[in-house]
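Undergrad: Okay, handing you the structure first.
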Amino acid sequence: MLPYLLLILGFVVLIFGADYLVKGASSIAKKLKISDLIIGLTVVSFGTSAPELAVNIMASTGGSPGMAIGNVVGSNIFNLLVIVGIAAMIRPIGLQRSLVKIEIPYAILAAFVLIAVAGDQFMGEGSGMISRSDGITLLLFFAIFIYYIFLSAKNGQIKEEDTPKEEKVYPVMLSLFFVAGGLAALIFGGDLIVDNATELARGWGMSETVIGLTIVAAGTSLPELATSVMAAYRGNSEIAIGNVVGSNIFNIFLILGVSASITPLPFARNNMADLVISAMATILVLVLAFRGKGIRIDKKEGALLFTLYVGYVVWLLSASPA
């Protein structure tokens, strides 16, 4: 029972840490006269991916690299099928022009770059690892993405109302305290999650990768889920899907890039199916958006996405060794 409680505690601490890190960093950015648009594209987007980053750093340095890969790929699948699905079931989602032209194509590119990086071993060119050089390659793609986003914002392709905002400005010392406390909470929460998820995996006879793909992935995606559900209720579902797609790009290029740069990540042949599912889920969201009138995902399509996730988890658990 204790590992379950500590795992839940880890998720709670992790989410609060990410929230306060964003509050503090956004407040400091506002003090420095940085625009809401840039804050939304960088600080807030990074904040929603901070739980995955914390867990992956702890997993990479703590001898659980399989969980690091599972967490990123599982989070991306959860984001697209569950979060977009639930948000669309609450209120149909209209896709913004910048999302269709910039973020979704780059998210599809990210998914296929990861397949190429992880799959080189099956073409006789790799070692069954996402190596440090692969990690650096992913980080280079992330740098290109950030540069392109800033360029698009400067040229007016991305508008300020398209991005999430952190409105409140705090005193400098309180902002610094939020940043420091948020980072400490991320480290502590990430450590709790990795340690107890690893213990549960051993107890259930499941691999760390499967635990990462399911429980850990869902837990670290809770900030995106909460943000998207609230946005949907307020009639801002389009911001919610933008947040999800941006988070998926951060997860692959930044978080896996950092994780692989810390320590090479072993990659098994049977995990390739999960990478393909992640890529297909990204393409499916785009296809569904263009299927009817207007660029939108309606309630029925949201229900389809959610049902596909349930089917994926059932398949994953039935296919994993007992």
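Quick reminder: no glycine exception, Cβ is built from N, Cα and C everywhere.
Annotation source TrEMBL lists domain 'Sodium/calcium exchanger membrane region' at 4-150, 175-317. According to TrEMBL, the transmembrane segment annotation covers 6-22, 34-55, 67-90, 102-123, 135-151, 172-190, 210-233, 240-260, 272-290, 302-320.
Give me the local environment of each listed feature.
TA: Listed by sequence, the residues of this chain that lie at least six past the ends of the transmembrane segment (6-22) yet keep a Cβ under 8 A from its Cβ atoms are 43-44, 46-48, 50-51, 54-55, 166, 178-179, 181-186, 188-193, 195-197, 200, 215, 219-220, 222-223.
Same-chain neighbours of the transmembrane segment (67-90): 52, 55-56, 59-60, 111, 114, 130, 194, 197-198, 208-214, 216-218, 220-221, 224-225, 228-229, 231-233, 237, 240-241, 244, 247-248, 251-252, 255-256, 259, 265, 267, 271, 274-275, 277-278, 281-282, 284-285, 297-299, 301-306, 308-309, 312, counting only residues six or more beyond its ends whose CB sits under 8 Å from a CB of the stretch.
With a threshold of 8 Å between CB atoms, the same-chain residues lying at least 6 positions outside the transmembrane segment (172-190) that come near it are 9-25, 27-28, 31, 50-51, 53-55, 57-58.
The helix, strand and coil residue counts that DSSP assigns across the domain 'Sodium/calcium exchanger membrane region' (175-317) are 123 helix, 4 strand, 16 coil.
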Undergrad: Using a Cβ-Cβ cut-off of under 8 Å, list the residues of the same chain that are 6+ residues beyond the ends of the transmembrane segment (272-290) and lie near it.
TA: 70, 73-74, 76-77, 80-81, 84, 95, 100, 104, 107-108, 111-112, 114-115, 118-119, 122, 213, 241, 245, 248, 296-297, 301, 304-305, 308, 312, 316
Undergrad: Cβ pairs under 8 Å with the transmembrane segment (135-151): which stretch of 102-123, 210-233, 240-260, 302-320 has the most?
TA: 240-260
Undergrad: If I count Cβ-Cβ pairs under 8 A between the transmembrane segment (102-123) and each of 210-233, 240-260, 302-320, which range comes out on top?
TA: 240-260
Undergrad: Go through the chain and flag residues at least 6 beyond the ends of the transmembrane segment (240-260) whose CB is under 8 A from any CB in it; none is fine as an answer.
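TA: Distant contacts of the transmembrane segment (240-260): 41, 45-46, 48-49, 52-53, 56-57, 59-60, 65, 68-69, 72, 75-76, 79-80, 83-84, 87, 93, 95-96, 98-99, 103-104, 106-107, 110-111, 113-114, 130-132, 134-139, 141-142, 145, 162-164, 224, 227-229, 231-232, 282, 285, 297.
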